[in-house]
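Asks: I'd like to ask you about the structure that follows.
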Amino acid sequence: MTLFSLFLALTSFSLSLSFHTVDSFSLHRTRTVSVSPLISKSRTALFFSPDDHQSNAPPVQPRRSIVAGNWKLNPATLTEATTLLRLLKANFENHRDASSATEVVVFPPFPFLGVAVQELQGTGIQVGCQTIGTHEQGAFTGEVAPSMIQSMGVTYVMLGHSERRTLFGESDTAVNNKLQLCLAQRGLQVILCVGETLQEYETNLLASVVDVQLKKALVGVSSQDVLERIVVAYEPVWAIGTGKTATPSQAQAAHEAVRATLTALYGSHVAQGVRIQYGGSVTPDNIDALMAQPDVDGALVGGASLTADSFTRIVDGGIRAASATSSAYAPPPVELTATEVVPCANVLGESPVWSVRDQALYWISAPEGELWTWKYHGDNNQHNRNEPPYRRLIGTTLGCTALLEGEPHAVLLAGESAFMKMTMKADSGDFASSSSCTATNFLCERPEQDQATRPNDGRVDRQQRMVFGMYNNYHREGSSAGENNCGLYRLDANLQLESLLDYKYRVSNCICFPASGDTIFFCDTPTRKVYAFDYPVLTNRREIWTMPSEWPGGPDGAQVDADGCIWMALSGAHRVVRVNPDTGHMDFVVHLPVSSPTSCTFGGPNLDELFITTRKPDGGGLFRVKMPFGIRGLPEPEFRVNNNNNNNLVGQEQTTTQPTAAAVAVSSDNVMQEEGNANVQPAAGNTAATYASMAAAYKQMTNNGQ
Ligand code: PGA
């Protein structure tokens, strides 16, 4: 146990004692909710009210949260609707079990219902329509009947939305007629919207307006139908589409008023079982606070449901509130700050790897096709005697780099169309070659030559094989081609490629391995979910972390430390975080002054410094933060190529067209330092077994303070 984990254990023990006293007042909550992203606990699962005891009514089951997207009169064309549906599908398929924790429904306009049902098959997302006609059949030109949409696979109907009431004159009686018609159609459920105007709110009429709307809409409706087939959406009219959200406590008060009317009509047993959604300017930023209210059981989302990623993040907020299962109190994370150490101004810095052999960091700038290196002698280097970093222009988009077993400064490069080997020496010229991939540095083609993809994130496993994923080139544009079309691959010493996943995804990231090498971490960035799989055969997938919905961006590159925890760059969120893969707890946050850290790794003479690459527009430099509490990284394994593929392992690349200055110095102080302060030298030709023992020996040695 490191000093730090002892500190955490003690802190969590003392804080969990005080937390139990707070918990005792929350016995009447039936829903399992999250108190904050970091502090979550199970609320009492079953609810007994005084009158339930008298009537011997069965206990009310926990309310399952429900998030719905109301597309209104959007988007303009079938093509755009299909795009939105496909992006939603890509986010949910394989990544979210929408059929369990939280119910998810989208409400497209009538003409897109068919394609919505079709496209969303297998995602668990249900489809609803935004209103319905008042008749089942006959001479009613322009009308739509419940049986029609039900026969298409639609399962929900929204009734009484304020825009229907105010813009189309829909009365409470009409809402009631439509509700009766829907309930007569087996298999249909209803979201019944109620809510007050600003004037009504300001004159304290909220409770009575909602009371009247509910009572009139529910005339003749049985308690069983109310309990099993109706969801109430409370939507203050003044919050719809205005950007003004009711505060969580305003929403809670209104939901209590709704439940009071339901209690008066049907008794508390039914009232406690009915789900009540909040609607009105719900976003990824406010979903957590709303869902933390005991009577808020979900959200009806308008504007934010028109972007697949923001709707997905709102669903994640709902899922998190519904499925927070740990009763352990997690102390707040330790906050650190990284500072820029190399102002390299990368368009998109990525894939940092530290070589114990070379005592140097390597990284790339992906779109510019640049390979960078920096020999670094540690933060206690007096008078800043580190050498300046330098780069080579490879001339093709790069996905990642890795250390290559062999001579010093040898690296593997995953280029847009092929894998290459390269040496990185300060005197070898700014340009690698006139064309990036030559006979002497070519290793093999990358997979998926017929797809609009390229290699992306990757790391070398403990058997010295390269594991890498792909990047869907259309991802940035968010276009319809942003469907899942990328695979995860392993390149072995014979340069044979093996596909590792039985499904496709959009953007590979977070690939890294703990010291044992028996687990791999992986994330498809747009889904914001990080998984662990058993390795080397990818089985037993388990979700270990979902990025909090209120943080923009997504998980990017990652690295595992010697304690087995994952340090993840959260691009767009100004942060790198450490997550314990066993508990999902986030116990460190590294803040950056730039929005998009892209990846990280441990380096420095003691592997106790975290180096972080970043990207433009506001970043691009290399950042560093010294690790506290004895936290250290593991030596990075080197990719091995078998001898028969390796005659010319790190051959000289073709001579460049007019080499420019040998090095691109970005450090003002260019004093060379003698080499040889490496504490650990990986033995040549490590096998997986020797790697594991080397890592253990290294950890032991560094724990002893060497
Ligand atoms: P909004 O719409 O989220 O854009 O405010 C909500 C609704 O009308 O259902």
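Cβ coordinates come from backbone N, Cα and C, glycine included.
Remember, TrEMBL labels are computer predictions, not curated facts.
What TrEMBL lists as signal peptide is 1-18. Residues annotated as domain 'SMP-30/Gluconolactonase/LRE-like region' in TrEMBL: 348-614. The divalent metal cation binding site annotation in TrEMBL covers Glu350, Asn509, Asp556. For Arg454, Asn456, the entry in TrEMBL reads substrate binding site. Annotated active site, proton donor/acceptor per TrEMBL: Asp556, in sequence order.
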Asks: Check each residue in the chain of Glu350 (divalent metal cation binding site) that is at least six apart in sequence and keep those whose C-beta is under 8 Å from its C-beta; list them in sequence order.
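Replies: Listed in sequence order: Trp363, Ile364, Ser365, Ala366, Leu398, Gly399, Cys400, Asp457, Gly557, Thr598, Ser599, Thr613, Arg615.
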Asks: Restricting to the same chain and to sequence separations of six or more, state which residues have a Cβ under 8 Å from that of Arg454 (substrate binding site).
Replies: Thr397, Gly399, Glu416, Ser417, Arg446, Met470, Tyr471, Asn473
Asks: Across all chains shown, how many C-beta atoms besides its own are within 10 angstroms of the C-beta of Asn456 (substrate binding site)?
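Replies: Looking across every protein chain shown, the total is 26.
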Asks: Once Glu350, Asn509, Asp556 are set aside, which residues in the chain still have Cβ within 8 Å of the Cβ centroid of the divalent metal cation site?
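Replies: These residues sit around the divalent metal cation site: Ser351, Asn456, Asp457, Cys510, Thr525, Pro555, Gly557, Ala558, Ala569, Ser571, Thr598, Ser599.
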Asks: Quick one: give me the count of other CB atoms within 10 A of the CB of Asp556 (divalent metal cation binding site).
Replies: 28
Asks: Could you pull the average pLDDT for the domain 'SMP-30/Gluconolactonase/LRE-like region' (348-614)?
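Replies: Summarising the domain 'SMP-30/Gluconolactonase/LRE-like region' (348-614) by its mean pLDDT gives 89.
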Asks: Near the Cβ of Asn509 (divalent metal cation binding site), how many other Cβ atoms are there if near means within 10 Å?
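Replies: Other Cβ atoms within 10 Å of Asn509 (divalent metal cation binding site): 29.
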Asks: C-alpha of Asn456 (substrate binding site) to C-alpha of Asp556 (divalent metal cation binding site): distance in Å?
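Replies: So the Cα of Asp556 (divalent metal cation binding site) lies 10 Å away from that of Asn456 (substrate binding site).
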